[in-house]
Amino acid sequence: MILNNLKLGVEVVGAHNLLPKDGQGSSSSFVELYFDGQRFRTTIKEKDLSPVWNETFYFNISDPSNLHMLTLDAYVYNNTRATQSRSFLGKITINGTSFVPYSDSVVLHYPLEKRSIFSRVRGELGLKVYVIDDPSIKSYMDTQIHNHSAQTLPSKVPRSEVRHTFHHLPNPNHPQQQQQQQQVPAGPADPTHHHGARYIPEEMKIPEVPQPPPQLVRMHSATMAQPVDYALKETSPFLGGGRVVGGRVIRKDRMSGCTYDLVEKMHFLFVRVVKARELPAMDITGSVDPYVEVRIGNYKGITKHIEKNQNPMWNVVFAFSRERMQASVLEVVVKDKDLMKDDFVGLCRFDLNEVPMRVPPDSPLAPEWYRLADKKGEKIKGELMLAVWIGTQADEAYPDAWHSDAALSVDTVASTLIRSKVYHAPRLWYLRVNVVEAQDLVPTEKTRFPDAYVKVQIGNQVLKTKPVQARTFNPLWNEDLLFVAAEPFDENLVLSVEDSVAPGKDEIIGRVIIPLSMVEKRADDKMIHSRWFNLEKPVAVDIDQLKKEKFSSRLHLRVCLDGGYHVLDESTHYSSDLRPTAKQLWRPPIGVLELGVLNAVGLHPMKTRDNKGTSDTYCVAKYGHKWVRTRTIVDNLCPKYNEQYTWEVFDPATVLTVGVFDNSQLGERGLNGTTKDLKVGKVRIRISTLETGRVYTHSYPLLVLHPTGVKKMGELHLAIRFTCTSFANMLYKYSCPLLPKMHYVRPFTVMQLDMLRHQAVNIVAMRLGRAEPPLRKEVVEYMSDVDSHLWSMRRSKANFFRLMSIFTGLFAAGKWFGDICVWKNPITTVLVHVLFLMLVSFPELILPTVFLYMFLIGVWNYRYRPRYPPHMNTKLSQAESVHPDELDEEFDTFPTTRSPELVRMRYDRLRSVAGRIQTVVGDVATQGERLQSLLSWRDPRATALFVTFCLLAALVLYVTPFQVIAALIGIYMMRHPRFRHRLPSVPINFFRRLPARTDSML
């Protein structure tokens, strides 16, 4: 009895436009299906180039966790009755990652593929493939196994062997096996039952399949097997008029001119309220304070009111989601703002069935004047200019429109905080200030030499030079100070020469202010000419003293803006842009990256509103200098965004980051701007892992590490496509340095890079925070991974196990060679001896053999190549088994805010870990010092023995061919265990007795 109820259902619907093969312009076709060692065949449709079968088969899935590695193969053949043979008409192969639940399955028409380059095929095959879990469904093979085992097999035969006999069937690609396969006769036709692929008795007929509820199917199983709920899932949504299956769009029917082909099409009712004229007076003063209220069903949008104006102008666009409309009439009402109750002025009504449809690139719909009417429908004084149309998110008015998603929860003031926007981060430069020297300094106390240093400041960045060794009136520093500056250069560089008079007391000797717009720019390492700048007193003095001291002190500087570097404003592991700052060094783009943010499902409630959990979420995507933000979907745990964005790609070794956040600025607490937006999760996608031209549609789990452990906050559905515009330039990029030239000609230290990166993130966050709506600092920091360099015990463990996994192959090779040396398998050992002697005899074959072996491994692994982008792995990150105290330490601020007892305990734990690392480092140093002592005569007897051995070895190697020496060494290392001893060998004993410098350590 097979306990697993998971089945793969395949409905063979029909084929279209097949190739004629019978010599009479037709074909008698049938389809053979192969999956997981099982085979089914349809009936034969005589003389039909577009046959229809409508037959369903169910395959057993032996291992559901291995489903993503399996493939479904469908072969279409022409049956030749006269010779009892068949000819090939085409095939299709469907990867396991494309299998969807029954509720999501649709009939797809796949173009037939060739079996070889000499095959000639045409047409397409319609299949409906799905995964179903229903115990009432028994496949034909299940029934055969049950009957066969109950009647003919002895009770001692294991059930696994019974399954095994049905899981290994001939390969249709093998010509000899094709001739040996038996033809399965077709059963009697039954027009009322479409499941009869073969004649099946009444008790074996498949019952009608009820539609199962949506279930989670594990599409990808990572090597570090993590929970199914955390795995990446491939989806098949309808995008741009077609369904995406396996990275291809099947039956794509895009609307003309539509550029939104990576998102689901959403229809909106757009209402543009332009202006009004000749409105009737409603107040005693003979004026009116008008505003417009647009209503459809339970949704309404309100414009701002304009005081005392009978000819107001608004020019506001409202967008109402068509799928949420429950009314057929649109009302546009003009009201008069009043203290007690707003007065009715007039209205316009529109029947939604009469509203026109607009599809870009059509010109915008022209607004028209509409006469106002009272509540009874009679015309009154006043007119309103409106434009009403139905469009999609491709409409030009969509980004700036007021959306009905916020109609019930957000007021007019906060509506600007929910719009979608595109941001461009400022272009950053490294500012290099070389402080050379000062001359003729005049301290406050003229009887003493100043203890001078230079303080350099730009914005919030402040650096100081080191104090000079010898006090003098002409100090010399010659020190480089580095800063980050952003365009436009609206800040000044301020240099102050200060004198340390006493501890904690500094006096300013003079100051220089240099506008950044006047600083010289360079794109290479050419020498910048130095300049002398006159120091000025920062305090007010009398005119005579100013004239006498203004030019007495000078400061020698070299200042430049370095454009040959790439300013790192994000973690180097997840860089989205590697170009230098100077535009003249930029190369043309290699491709285009397109992102479709479809929807999110199962989001965790981030707040409470009306006594229920909810979220107001938006997505942020970052790549290069371009940041994008989707509109905020208010009060929805399964929001649909359906927004598409495009970036130019200049380097494949870059990463796209997409984050989801909860908007905390919409309520009363958010209006003051002090409430932070909450992070829901993020996704990283490396461009180099994407195939060109393929559409990746996956549902990414949003995994966030909390102080209580890892938590899934929902799933984000994305569609991604990378299109290469210059294949030659893309391949050339793989031979170029990762960073610009200046990073290697004049590199920075690690401390400088960390400091500059911190400053760059602050500048980007400050600039993006000035936009409307602002991209808040916590969002920029989370997207840029500002805390990735801080200490974490969990990350340390993860990096250690990553390092161990790299050496797993080396360890396995060492274990294999150890088994060879101890003759664990004599046949393998003899073959290795023969191969070793061949390579020693012909050493010119060693490198060709190694490269040919790696080529064959690469070709073999091609069929198992990843079909999906990598995603965050909780087991690889050591997030599943992490101790709560280690998580608390990771989330602690810097500097710490924990109690002294807890800090002391963590410090002791860190000392214990560092002690083990210290021991390992010391052991490695000891072995290196022993190597050095071989010829240092630290141990005179050991060095004498080694020198004598070297002389004898030189004489022997001079007269003996190298192949003989190598062969003897190899045979000695792989000698039989009978000739081995359990004690260490003589060379090892000699090496371990050599002295090291451990005796000299305190």
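Just so it is clear, glycine is given a Cβ too, placed from its N, Cα and C backbone atoms.
Marked as domain 'C2' by TrEMBL: 1-110 (among others). As a summary of secondary structure, the domain 'C2' (1-110) carries 12 helix, 57 strand, 41 coil according to DSSP.
Among the features that TrEMBL reports, region 'Disordered' is placed at 165-196.
Residues or ranges marked as domain 'C2' in TrEMBL: 250-370 (among others).
Annotation source TrEMBL lists domain 'C2' at 409-533 (among others).
What TrEMBL records for 574-700 (among others) is domain 'C2'.
Among the features that TrEMBL reports, transmembrane segment is placed at 830-860 (among others).
Summarising the annotation, TrEMBL assigns transmembrane segment to 944-972 (among others). Listed by sequence, the residues of this chain that lie at least six past the ends of the transmembrane segment (944-972) yet keep a Cβ under 8 A from its Cβ atoms are 833, 836-837, 840-841, 843, 934-935, 990.
For the domain 'C2' (409-533), the neighbouring stretch richest in Cβ pairs under 8 Å, chosen from 1-110, 250-370, 574-700, is 574-700. The helix, strand and coil residue counts that DSSP assigns across the domain 'C2' (250-370) are 6 helix, 53 strand, 62 coil.
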